[in-house]
Structures are given as C-alpha cells and as structure tokens.
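K.L.:
Take a look at what Swiss-Prot says about it:
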DOMAIN    4-200  domain 'Glutamine amidotransferase type-1'
ACT_SITE  Cys89  active site, nucleophile
ACT_SITE  His178  active site
ACT_SITE  Glu180  active site
Amino acid sequence: MSKRFALLWCSEEERFDYREEMVNAFKTENSDWEVISAFTDLNKIIDNYDGFVISGSEYSVNADKEKFSGLFEFIRAVHKKEKPIVGICFGCQSLAVALGGEVGLNPSREFRFGTDELTFQNGLNKHVGTSEERVRLIESHGECVIRRPLGSTLLARSDSTAVEIFAVGPYAVGIQGHPEISKKTLEQDFLRVHLEDGNLQEDEVRRFHAELSGYQPPQAIRQLVKATLHKQINFQNLVGDV
C-alpha cells in the first residue's frame, strides 16, 4: 500500500526552486508526495499524511520565530503522535527548537558553505546499509543546533558542526546538511544566491569549488530519510549518547 508524505516548504525564495529535486531524492516506489507551504494552517493536514519532511529556508528559527510559531506547534503535534518527521537544515533547527533544544550562530561565526565530512555516531551506519563511518555532505548555514532536545541521540558530527544529525523519539530526525541537493544545483543556484546575498565572497569561490570536487550526494543519508519516513528504524531502540 502506498504511503503519503508531505514536504513542508519553508522558503519564499524566488530566485530558484528545488522542490522537485528534494522530493525525488526521498521518493520511493511505494510513496506519493505533495508539497505544502509551511506558512499555511498545518494542523488541518496532520492526519492526511504518513510522514513529513521540513525543508531548508532563507529564514532564521531565532530571528523569525514568530513567523514559524505554527510550524513549531505542528512539529510538537506530529512528534506526540509518533509520526515520522525529518528536518533538513532549517528544518533540522526547527525540529530542535520545537522539541526543547537550542539553535545559535555557527561556532566559527562564519557562514558555512561547502562540504563537510560527517562521522556517524552510535552505529548509525549499520542502520542505513553502509560499512563506511564517514560521508561528505553539503552544508549551507549560518546557524546550527548548539543544544539537542532532552533525550535525543547524536547520530553524526563534523569538525564544523557538533550536531550534524540527531534523533529524538522513535521517528524524528534532524539533518543539518543537504543530502537532497545535487552538485549542479549547488554550483548553479546556491552559489549564485549566496554571492548576491553576501554570505560568500568572490575570493572564497575557489575554496568552495575545491571542496565540491568529486562530490556525490551521500546515499546513506538519503536512505536514512527514507527509512525514517517508512518506520524502518525506531531510534528509541538505539543505545548511545543521549
């Protein structure tokens, strides 16, 4: 039986759109997807879907918290019902804040744009079908989770971000990086917008391209999203760093 999932789109950016790419990254043969604006009344849809993915955003969970108060309430309601929910980048931070964690500026106080090497924690690699303990993942953020929700489990970290992936409860996962984005989208769209917005300077572009050399979206992280949505992993069964 096919399952229904919703991508909660948290962006109002008009210079590019990667909704279709994001859905395709996480879609399986037995799933149907719809894209829903995170700025609508989300409480009306909570029982219409089997799980949810929260997208990235140009907004801040701290500076724009009033704008997303409805999203935070929705996250708590979904979590209480133990429905699967995955947050990507801004979505990861929203998940953390809504469930009692804290988000702050990157430790470096600089915008992080490039790829980082993530190290899996608490045996996550075994649950996503890989023997590799490290993967490269695209990062594009000025803020990050600095305190996980109480009772959560750390699933991955990197040198730049202590909390790259975490889980709380049985089926809620936050991923700070962007497993959905292709190298092409990053180079053609994200790079252009970050240069226009001043998040990246021209003299940093060479470093960015060097980091991106040979990059492929990590299938292990995409599999983590799919397994979470389809309840193939119960994170409460993981024993580790809480």
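Heads up, the Cβ atoms here are built off N, Cα and C, so glycines get one too.
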K.L.:
Tell me the Cβ neighbour count for Glu180 (active site), meaning other Cβ atoms within 10 Å of its Cβ, over all protein chains shown.
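P.N.:
The answer is 26 other Cβ atoms.
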K.L.:
Can you tell me the three-state DSSP label for His178 (active site)?
P.N.:
coil
K.L.:
Under a criterion of Cβ-Cβ distance under 8 Å and sequence separation of at least 6, what residues of the same chain contact His178 (active site)?
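P.N.:
When sequence neighbours closer than 6 are ignored, His178 (active site) has Gly56, Ile88, Cys89, Leu137, Ile138, Glu139, Ser140, Leu186 within Cβ distance under 8 Å.
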K.L.:
I'd like the Cβ neighbour count for Cys89 (active site, nucleophile), meaning other Cβ atoms within 10 Å of its Cβ, all protein chains included.
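P.N.:
Excluding its own Cβ, the number within 10 Å is 25.
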K.L.:
Looking at the domain 'Glutamine amidotransferase type-1' (4-200) alone, can you tell me the average pLDDT?
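P.N.:
Reported value for the domain 'Glutamine amidotransferase type-1' (4-200) is a mean pLDDT of 95.
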